[in-house]
Amino acid sequence: MMMILLLQLLLQLLLLLLLLLLLLLLLLLLLLLLLLLLLLLQLLLLLLLLLLLLLLLLLLLLLLLLLLLLQLLLLLLLLLLLLLLLLLLLLLLLLLLLLLLLLLLLLLLLLLLLQLLLLLLLLLLLLTTTTTTTTTTATTTTTTTTTTTTTTTTTTTTTTTTTTTTTTTTTTTTAAAAAAAAATTTTTTTTTTTTTTTTSTTTTTSAAATTTTTNTTTTTTTIRTTTTYSYYYYYYYYYTTTLLLLLLLLLLLLLLLTLLLLLLLLLLLLLLLLLLLLLLLLLLLLLLLLLLLELMIMTTTSSTTTTTRIIIIIIIIIIIIIIIIMIIIIIIIIIIMIIMMIIIITIIIILMCNIASLRPANKLILINDNAYS
């Protein structure tokens, strides 16, 4: 009996130690759960930051689209203004032509009036002249014919010069480009064409012969068109996209680190739950041994205290079995979560590799080939 009592005391001490270990494990589990909650909050904050970054990206894209639309509208307005200027120039040319026509008509009218006046003068002269006739026995008639030689020299010189048509388009993009260098594109087109035509005509008319001399000289000079480009427009795009990609990489890196910490905590939690499961199994074995001892004591000496002890031990065993089943379910859930975390970490690593492999074009490469040289 003494041996049985000693064994019972030892088993009770072991039970107390196991209970202390269980309490410590429960405290560790609570701490781990708090850490998990903090990490989950950090994950939520990171997800919110990612959403904000995506919203910022969308806003930047919308702003770029609006800027492009504004540029298109400005170009359309410039085209309309150019068309209006061309129309005004055409109207001015038409007015000038009309004035010239009016002047020509006035000149024609003046010439007609002069001709009419000359005709009137001739008629007046014809009406006012008198004819006298003298008759003698000796009549002498002398007729003198004068041949008139007319020399006409006409020199016509036509010079057409179209010089220096310069079109300069400067687009300056500021805002974030101030930190990234000024983004300008300059296009200069220069065309010089000179055409000189000289026509010299000399006509000599006499009673005997007609001589015509024509000299024509045509000189055409064309100067090659040169176009110069300045390639700094796309630096703004380059720097903004690189900054956004770096922010995305940093956020994904923080997300990856938090997921790795969560994975480590889940692994620690899994190890602690396994240790707890082992301790509960040992406790269950000890309780079964106590139950056997109590049954042996009950067979030797039947008392109410032993029956109550047996009932208490059975209840504790049932509770421990339920706890063991719950711990096994939690371990299965944690294993599934660890597998999911590993999959998410691999996806994030693949995304980071893809983002790091993106290389935005730092400038628009346009080569001015000297085809004329």
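From the backbone N, Cα and C atoms, a Cβ is placed for every residue, glycine too.
All TrEMBL annotations are machine predictions without curation.
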Margin query: Looking at 218-242, 243-267, I want to know which stretch TrEMBL calls transmembrane segment.
Written below: 243-267
Margin query: Contact between the transmembrane segment (74-98) and the transmembrane segment (243-267) is defined here as three or more C-beta pairs under 8 Å separated by at least 6 residues; is that satisfied?
Written below: no
